[in-house]
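Q: Handing you this structure, nothing more for now.
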Amino acid sequence: MEEADLTLPLSQDTFHDLWNNVFLSTENESLAPPEGLLSQNMDFWEDPETMQETKNVPTAPTVPAISNYAGEHGFNLEFNDSGTAKSVTSTYSVKLGKLFCQLAKTTPIGVLVKEEPPQGAVIRATSVYKKTEHVGEVVKRCPHHQSEDLSDNKSHLIRVEGSQLAQYFEDPNTRRHSVTVPYERPQLGSEMTTILLSFMCNSSCMGGMNRRPILTILTLETTEGEVLGRRCFEVRVCACPGRDRKTEEGNLEKSGTKQTKKRKSAPAPDTSTAKKSKSASSGEDEDKEIYTLSIRGRNRYLWFKSLNDGLELMDKTGPKIKQEIPAPSSGKRLLKGGSDSD
């Protein structure tokens, strides 16, 4: 009886239901993922998120600020006094606020703070063009120097030397380059921390800076990207830093001397035209008005002076002399010996 109850009567409807159950079960089994595949996919999506959190870079402004800001921590920089000798590889001019250095040569820069920054603070270095017409462009190395470099950061102009903790970034929005290094407290007996920077392209390189002046910005930042202090200085990468510094400082002194002389002296009149100065009385005749004429060269000045003295003398005795001189009878004829040529 039990076997009879378990067996269903074989008909067209029961066979159709049985066939559908068999087909759906095999289809579901074929679509089911292999064991452990779902967990592997979850691990795959979790790793990039954690990597992005560890390498999170704060969004940089479109145009970085170039004003000096000491902040609450008294952030400041100090450069070595290398002088203007031809043998120096880097030298800083206080008068110009400008660093002169050679290509790929290490430049030590001292970092000073009055109060220690928070734990994990970093020092960020980036460069921008000085002139407003170029400030929107990214400062990077020329194609020639990039082709000679096989490193991952070959397009970056600024390198940090002597530290394995340096990190190089490229902002996803502005494409500007920057490099960070962790802030280290000064050693015993020292008031500052020294970082080593090198600039990997000349200022005159075609396709790179192309003789356009640049500014380097050093900022003291927290791990979240908050700026605690900022210092800015101009940089020129050249073959002879001492010579170029001496030349530019000399040009600055010459321009300053010329401006001082111009302020002390009266404004020079225009040499192309004679400027008419107003006379003391506005009712005087036009012939009595005084004019000023600037003359170049002493000999020419003496010649005009003698001419002017003669004219002044004629003005004093003018009426008598004019009466004694006979006028010609015609504009085309000259009087010779007091008789007509006819």
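Each residue, glycine too, has its Cβ placed from N, Cα and C.
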Q: Which one of these stretches, 1-35, 106-140, 176-210, shows up in Swiss-Prot as region 'Transcription activation (acidic)'?
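A: Among 1-35, 106-140, 176-210, the range Swiss-Prot annotates as region 'Transcription activation (acidic)' is 1-35.
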Q: When Swiss-Prot marks a stretch as region 'Basic (repression of DNA-binding)', which of 67-84, 319-336 is it?
A: 319-336
Q: Under an 8 Å Cβ to Cβ limit, what residues of the same chain, 6 or more beyond the ends of the motif 'Nuclear export signal' (302-313), are close to it?
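A: Distant Cβ neighbours of the motif 'Nuclear export signal' (302-313) are 293, 295.
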Q: Across the whole of the region 'Interaction with DNA' (236-243), what does the mean pLDDT come to? Round it, please.
A: 97
Q: For the region 'Interaction with DNA' (236-243), give the DSSP counts of helix residues, strand residues and coil residues.
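A: Split by secondary structure, the region 'Interaction with DNA' (236-243) comes out as 3 helix, 2 strand, 3 coil.
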